[in-house]
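Asks: Sharing the record's features from TrEMBL:
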TRANSMEM  12-34  transmembrane segment
TRANSMEM  40-59  transmembrane segment
TRANSMEM  66-87  transmembrane segment
TRANSMEM  99-118  transmembrane segment
TRANSMEM  130-150  transmembrane segment
TRANSMEM  156-175  transmembrane segment
TRANSMEM  187-207  transmembrane segment
TRANSMEM  227-244  transmembrane segment
Amino acid sequence: MSACSQLLRFGWLQVVSCLFPFALFVGLAVAQYADLPIPRYDALLVYCLALTALFRVVGLETWREVAVIFGFHLVGLALELFKVQVGSWQYPGDAVTKIAGVPLFAGFMYAAVGSYLCQAWRRFDLRVSGYRPVATTLLAVAVYANFFTHHWIVDLRVPIAIALLLTLRRTWVFYSVGRRRYRMPLAVSFVLIGFFLWLAENAGTFLDAWNYPDQVDVWQLVHPAKFGAWALLVSMSFVLVASVKSLEGKLYHRGAVATVSTPQATRPTAADAAQLADAKATEISLQHGKVNRGRDPGVS
């Protein structure tokens, strides 16, 4: 299979993984330019709830994934409520479902990120190696907390970003395109997703869904610094989805599938080897227990 066809297939898988975000932006555009019978933010809330229900009914998302996506909604809504109050951005227009200046639909913009990650995980058969869940989770929480605390104390995003890079320096994400397996550093995927989220934020502000202070009178590009902020926030998104995939047994790469990046990609890391050894030891123990029960005439 040629590199060009692989790239096209990769792009198509990304597009279908973005169904919820694309549908959300279609709703933003319609709400901005169509004559609606109710305030647009109220209409967008109904629309996003209907989208979520539709994705569940047609089987695009599981109940567990829907729960994670609503978790994204709550995490994002809490951040929105705070940021609007301190004047970081604003939502123009009135709505019945607007609380403290924030329309309830706003949380779905964060939920769209969760939907993308869940869809991409399934379509690309994502797995990770060398992932340190406790350290990564603590740093993701620090990233989220810093969005609040930097208004009163020193902004710690740079040292947190450095710590996150060090923690993820040996973490790889494996993905499939067709029958071929690839890998990339997990930190690089955070940066790439953050960049596209920055582009999406420019589209959202262009549609007047929300405004930064310097966009109230005349629209202009969102400051490039927001790109870095989004790349960091992706870590929180990943941690939430990874916790679900861990419960499903779909988190760690076992090194059994050949890759086309480098020969090293086919070899499990030390962390993967330890996890595989534990799994084998458990399996042997269970088999030994069955044999013993089979030899015991008192066991039926």
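Each Cβ is built from the backbone N, Cα and C atoms, and glycine gets one as well.
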Asks: Out of 66-87, 99-118, 130-150, 156-175, 227-244, what stretch is closest in contact terms to the transmembrane segment (40-59), meaning most Cβ pairs under 8 angstroms?
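Replies: By Cβ pairs under 8 Å, 99-118 leads among 66-87, 99-118, 130-150, 156-175, 227-244.
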Asks: State, in range form, which of 12-34, 66-87, 99-118, 187-207 has the highest count of Cβ pairs under 8 Å to the transmembrane segment (130-150).
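Replies: Per the Cβ under 8 Å count, 66-87.
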Asks: Any chance you could find the range in 12-34, 156-175, 227-244 with the most Cβ pairs under 8 Å to the transmembrane segment (66-87)?
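Replies: It is 227-244, which has the most Cβ pairs under 8 Å.
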Asks: The transmembrane segment (99-118): which same-chain residues, six or more beyond its ends, come within Cβ distance under 8 Å?
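Replies: Contacts with the transmembrane segment (99-118): 17-21, 24, 41-42, 44-45, 47-48, 52, 55, 61, 65, 68-77, 79-81, 84-85, 90-91, 193, 197, 204, 210, 234, 237-238, 240-241.
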